[in-house]
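Student: Below you'll find the structure I mean.
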Amino acid sequence: MTARLIDGKAVAAARRAALAERVAALPFRPALRVVRVGEDPASVVYVRNKDRAAQAAGLDSATIVLPEATTEAGLLATVAALNDDPAVDGILVQLPLPPHIRAEAVIAALDPAKDVDGFHPLNAGLLAMGRPALVPCTPQGVMILLRETGTPLAGARAVVLGRSQIVGRPMAQLLLGADCTVTLAHSRTRDLAAECRRADILVAAVGRAEMVRGDWIAPGATVIDVGINRLPDGRLVGDVAFAEAAAVAGAITPVPGGVGPMTIACLLENTVAAALARRATAA
Ligand code: NDP
């Protein structure tokens, strides 16, 4: 391995500790409400981890669990109540939702000022206009890792693999905002390997185990692996073939312990930012 390991776990722990100090100095406790519908096993774990991290940072955190059979109208009523509750600063509806509920309708119903996931069309639109407000946590976490590791951004060629609303698209917007020259690649991209080889910064967010091979990577490139994939033998791997890539890259994130921990740290930071912004607006 020649690449420097980007230790997201350590960066996230430091940011969470710094945030806890800021929260302790506030005259109020920012409040986060996470809504989970049903018992999707991965969602159960993610929501529990978010709640624990929020508590550890000193936030007022609670999870609202609704049964799998909850209707879309029922979930919208829960969202409306949280929107209207002045004591609530941040609302997160854990995805995926059961198939009978339209996620877009639920996200659009959130108060954009409490949308700590940054998925509401208003927040997505502001980001696309270069006026970021509440920014999606995973791509925000990637930007922090790039900055923490001193990766030059202005003028760098950045390739983002994957164009989802929650990772790829906002990732491309943030990199553009940092003056990278951005290519947004996806399942219809011709010669993905050649596109990737041009990248100074490669962000993989496709959800395909070890799809990005060592010979897709330019020597010295910074490789950020957002993917979380479970292999049949139970191992967790990213979208990048780690050992091959680490032999070529200049710096690389591991899976687990790379981007994942940053997502939660950014959720907590967004909650505090939302709480402060709401109070500033109210004042
Ligand atoms: P989506 O399934 O929503 O999007 C995947 C994207 O990858 C799509 O744009 C799709 O293209 C593209 N894609 C799929 N297959 C290929 C292929 N063979 N070649 C090129 N592009 C392809 O996934 P998400 O964005 O939600 O998540 C991506 C990964 O990141 C997953 O592994 C997920 O678990 C992980 N993740 C990790 C987080 C973390 O905290 N670390 C948080 C969120 C996600 P098209 O649009 O053309 O279909």
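Cβ from N, Cα, C; glycine included.
Keep in mind that TrEMBL annotations are predicted by a computer and have not been checked by a curator.
Owing to the predicted nature of the structure, the values given are computational and were not obtained by experimental measurement.
The NADP(+) binding site annotation in TrEMBL covers Gly162, Arg163, Ser164, Ile228. Taken from TrEMBL, the feature domain 'Tetrahydrofolate dehydrogenase/cyclohydrolase catalytic' covers 6-117. Annotated domain 'Tetrahydrofolate dehydrogenase/cyclohydrolase NAD(P)-binding' per TrEMBL: 136-276, in sequence order.
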Student: Inside 10 Å of the Cβ of Ile228 (NADP(+) binding site), count up the other Cβ atoms and send me the figure.
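Tutor: That number is 18.
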Student: Counting only residues 6+ away in sequence within the same chain, which have a CB under 8 Å from the CB of Arg163 (NADP(+) binding site)?
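Tutor: Those within reach of Arg163 (NADP(+) binding site), by Cβ under 8 Å and sequence separation of 6 or more, are Arg169, Ala172, Leu184, Ala185, His186.
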Student: List every residue in the same chain as Gly162 (NADP(+) binding site), at least 6 positions away in sequence, whose Cβ is under 8 Å from its Cβ.
Tutor: Gly168, Ala185, His186, Ala204, Ala205, Val206, Gly207, Val226
Student: Could you put numbers on the helix, strand and coil content of the domain 'Tetrahydrofolate dehydrogenase/cyclohydrolase NAD(P)-binding' (136-276), residue by residue per DSSP?
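Tutor: Residue counts in helix, strand and coil order: 54 helix, 26 strand, 61 coil.
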Student: Taking the Cβ of Ser164 (NADP(+) binding site) as the centre, how many other Cβ atoms fall within a 10 Å radius?
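Tutor: Within a 10 Å radius of the Cβ of Ser164 (NADP(+) binding site) lie 16 other Cβ atoms.
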